[in-house]
Amino acid sequence: MTVDQVSAEIDRSAAQADADRARAAVRPRTSMAARRHRAFYLFTSPWIVGFLLLTIVPMAYALWLSFTTFDGVSPHWRYVGLGNYRELFADSQTWDALGRTGLFAVTSVPLSITAGLGLAVLVNRPLRARGLFRVLLYLPAVVPPVGAGLAFKALFDQNSGAANGVLTLFGFDALGWLNDPYARYVLLMTVLWGAGNIMIISLAGLQDVPRELHEAARIDGASAWRSFRSITVPLLSPVLLFQTVTGVIASVQTIMPLLLSPDGTTQGVTAISQSNYMYMMHVFAEYFALGRYGYASALLWVLFVLILGATGLIFKFTSGVVFYNVDPEAKK
Amino acid sequence: MTVTSLSTDSTAGPSSTSAPRVRVRANRLVLYTVLVAITGLFTGPFGWLVLTGLKTPAELAASPVHWLPDHFQWHNFADAYQLIDFLGYARNSLIIATLYATLVTLSSAWVGFGFARLDAPGKKTLFGILVGSMMLPQLITLLPTYLIFAKLGMVDTYWPWVLWGLAATPYLVFLFRQFFAGLPRELEEAAIVDGCGYTGVFWRIFLPQSWPVLSAGFVIAFTWTWGDYIAPQLLLSTDRSTLAVAVMSTYVNAAGIPVTNLQAAGSVMYVVPILLVFLVAQRGFVAGMATSGLK
């Protein structure tokens, strides 16, 4: 054997040994567990990739734009650092819109959750035709926002609306419901109109409350209200917490003022009554009417951080009163 | 439920004297009155929209309010249908909603299977992010998404709905995960031992089992897309846009003032299909919504 052949032989056996080692190392991984690991990522990848591309990337892009004067058209945009943020914090319109949004969230969310829970308790009773009541009360929650907006516009129209019809019937003056200062109440009513959604979710929760608990409480002499407060509400608390958080986020993002406005398009966003000119409307106005994409992006990021903060606070302050009696993992 | 109405309604206990019995009956009367009144308030606005669509412009301008039209203007519905390209917009809505609902139901079932039946390091974190992302404000990502889609030349196409559909959605993933997690383990074990991959298990065993959830998911996603206003308004030009956008902005006279009675008639025709879908599929739909309480 020549030296070359020997060294080639050594190389080969070394390669062979490497391959053996590699195979040995791989073998345990081809077990059931490893297959399940790979399959897990295969199955969850559409969501992971989608989340990165359709949520994280747009958010990052908006963050970058928020430091610029980009308007979508002009090629002469530039980096302005925190300029947009300084401007928006100095803008009284931002603060006013933020205040209205906050007020709307803290009134509409508790009211609609109370209404939804109340309706759930009502239609959870053994009634005749309770299936029909459930369907009819839930129906408005399925009406698309555009339909709801137009229905409420028709209902509260100054001349042809039924609301003013009832008022004049009882000798009161007709009101300009869709203008200030009443527009905010109309908006609130559109939210309460959709309380059937919370009703259905609470109803499912109510039916999971073990019957024996209420019976035991009754034997101990507890009143219906007491047993509702001390048994039903704590057991429903995770559901109520989730409703609160998603409700706050939905109310902050509501586009209903847009649909209730005389014009009803994103271009006509500035025609919205003052009392319904909320934070998201301010974003739309800057974005569509003024084309200030950079500034609107800064507004969006501020709102995002505020929502994160609000969600965190809600979780923090409810941690002591929310009871998770059912572990979702336990179902396996 | 087999409990009699008396024993659950009465807080007075099982006493059989006649005074509580009368009180129970009075209670029930109050209860029904309250329920009927609330139901009236809940169905009223839509009823008023229908009535508005049946009046003449003169009746709508009259003051005080004209409760009922003198003659039901049924032709308003035909006019609303003809004034705009109603069928075209309805077709666009139908395409987008079917496309998105089909894709997102399948992709969410796929991802939900992963979270329900499979395991890997990082699963808990990923699931936490998934549930957390249900709470992400969607409008906040929509405006930058529009700019990105514009750069990619996907504005005025239905590609965004395809991509959103393929990416699954946390809400439906959660729904499918709950359902798949409840199925017995033996279902997949035999197939795996026989050398069937997880893909095969999913397609041949789990998916055929999940018709109720699939249809609920489809109806829910279809309803979202049919009702969505902002995304089509942003991403589609007028003739490609959906009924939601058209009903809101195209029923105007030459001066640009909305023609209220036709707009009302048009929006009734826009809303009714979705109400019918809901009424037909309500069982599955409601079960789907109920799961979202994150029990």
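Glycine is treated like the rest: Cβ placed from N, Cα and C.
Unlike curated records, TrEMBL annotations are generated automatically.
Noted in TrEMBL for the protein shown:
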TRANSMEM  B:29-51  transmembrane segment
DOMAIN    B:90-281  domain 'ABC transmembrane type-1'
TRANSMEM  B:94-115  transmembrane segment
TRANSMEM  B:127-149  transmembrane segment
TRANSMEM  B:161-180  transmembrane segment
TRANSMEM  B:213-231  transmembrane segment
TRANSMEM  B:268-286  transmembrane segment
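The stretch in B:29-51, B:94-115, B:127-149, B:161-180, B:213-231 that contributes the largest number of Cβ pairs under 8 Å to the transmembrane segment (B:268-286) is B:213-231. Ranked by Cβ pairs under 8 Å to the transmembrane segment (B:213-231), the stretches B:29-51, B:94-115, B:127-149, B:161-180 are led by B:94-115. Among residues of the same chain six or more beyond the transmembrane segment (B:94-115), those with a C-beta under 8 A of the stretch's C-beta atoms are 123, 126-127, 130, 158, 161-162, 164-169, 172-177, 179-180, 198, 202, 206-207, 210, 213-214, 217-219, 221-222, 225-226, 232, 242. Long-range contacts of the transmembrane segment (B:29-51) within the same chain, counting only residues at least 6 positions beyond its ends with a Cβ under 8 Å from a Cβ of the stretch, are 68-69, 264, 267-268, 271.
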